Amino acid sequence: MCGIVGAIAGRDVVPVLIEGLKRLEYRGYDSSGIAVLESGSIRRVRRTGRVAEMAVAATQEGFTASLGIGHTRWATHGGVTEANAHPHVSHGVVLVHNGIIENYEVQRERLSAFGYVFQSQTDTEVIAHLIHYYMQQGGDLLGALQCAVKALTGIYALAVMSQAEPGRFVCARMGCPLLIGIGDGESFVASDISALIQATRQVIFLEDGDTAEIRRDGISIFNAEQCPVERSLHLSNVSLSSLELGEFRHFMQKEIHEQPRVLADTMEAAIDAAGFPPMLFGAQAESVFRGITGIQILACGTSYYAGLTARYWIEAIAGLPCQVEIASEYRYRKAYVNPQHLVVTISQSGETLDTLEALKYAKALGHRHTLSICNAPDSAIPRISELICYTRAGPEIGVASTKAFTTQLVVLFQLAVALGVLRGAVDAEGEAAYLEQLRQLPCSVQQALNLEPQIAGWAECFSSRHHALFLGRGLHYPIALEGALKLKEISYIHAEAYPAGELKHGPLALVDADMPVVVIAPNDSLLEKVKSNMQEVRARGGELFVFADQDSHFSESEGLHVIRTLRHTGVLSPLVHTIPVQLLAYHTALVRGTDVDKPRNLAKSVTVE
């Protein structure tokens, strides 16, 4: 959600800023801008719309400089206008900001009384004026920033430069990701490593409360008490190829097709261990797992659906009660606390604000044991978790999550079996059987991917529809939810999902010839129940699109379309059936001509409430 990039070097940094912002587009945005300090003067360009349009304007105006900052904005305070786009300027102070300032109205009134005139509706402009105010009181840029952040309530990542101090820029972090890149005689700042990968692989992750001074010849970092501190230097393993399309038309398509490989990468430790040892989740996991009596999962969006799937596995395989809750709901209610329950948070980015705050809330309530499942090392949620298990999905650029979701499912399945083995609910034979199912999973997923031409053929049937209904039962109900979410996210077709058994309790009223109904119908113990639900749809003139197993014994007829995946894959069937609903959403969006990788109004990393 929003993106920051900044650079100071002995070369022209404008190409670095533009390329960095392009690599941050996946986070979601509606406007962008850069500002540079050139020959003692500030030059700025801002545009609504795509970064490419802003970049053309910067080129036409001949931007070139050795110091600059840039930003992609996802509107929160104020509409999508050029005046509200970043960077903001106040009397030679230039600033970009991610986050939300909660007390901006109070500060705005205060600054207006001092004579400051506001040009935008944003909370960000308040910070620029505030920093200038403290500089007027005799402070330098860094000191003014440190004074300003003490006056702010909320979350932020900031990069600031001043016309009065052309040899450096400064930054600050509280609640929003921000990292520093170290180059050879040049330094950078960004909200995401992908923005800097073309310039450096050496990065330092700032912590909450940190401020920093960024110079060509080095950096200085200060903690919340303004004391100098050292933060660890990391070497990023993100590759440029993982951030490029290659042979694919969209990142979403690429990431769907990467799933056999990333699933194999994620399960590699279990395969190497020939089982599901607790150490997959950290050195202290065994002692923690032995003492727990239940699981509480907290997540948002697609990660929440992964948690819903995990509940079936954890209760059936490990014999432990499992609750799953949307993080943004959990954090605002008086929740039940059992110190012997393990709190599991799931987040692709590791920075999802509601999930992060829900975890902090759970710990404050008295939950002692926490596990983070995340795709981003050194992000905020893992840093405050007792146990960590990283998915190995690699960078996910498409806003609609695909490979991050299925790798989360693999980790959650491993958790269920590890708990089952430790509790004696799974014997050696059962563990070996689960391991074999896991080993076969990448091949099964590849077979599902081979169905893409057939699924693309269905997309024409959906492209002119305004609504769709997804049905599933048991383990596959969360996959129906995920399918509906994917369709609405990228094709803008209103879609809902229900347990198939709930049809007659309301959703059946929606069914008619104009309502396509997608059914996930594996050959499991609930298949006959699902077939009965399908008959209810057919009796009302509904058109059925069924994803079935090879041996589910469906025959196509008018109003009944069937794509067979493969023979039933047991408890891992939800992962295999995820692939067809991803492909259906993708190809429907293609036919409708929407922006697949950057759907309107959405952001990849949701770092505000």
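Backbone N, Cα and C atoms are what each Cβ position is placed from, and that goes for glycine too.
Copied from Swiss-Prot, the annotated features are:
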type	residues	note
ACT_SITE	Cys2	active site, nucleophile
DOMAIN	2-217	domain 'Glutamine amidotransferase type-2'
DOMAIN	285-425	domain 'SIS 1'
DOMAIN	458-599	domain 'SIS 2'
ACT_SITE	Lys604	active site, for Fru-6P isomerization activity
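If you draw a 10 Å sphere around the CB of Cys2 (active site, nucleophile), it holds 28 other CB atoms from the protein chains shown. Helix, strand and coil counts from DSSP across the domain 'SIS 1' (285-425) read 67 helix, 28 strand, 46 coil. The domain 'SIS 2' (458-599): residue composition by secondary structure is 70 helix, 30 strand, 42 coil, according to DSSP.
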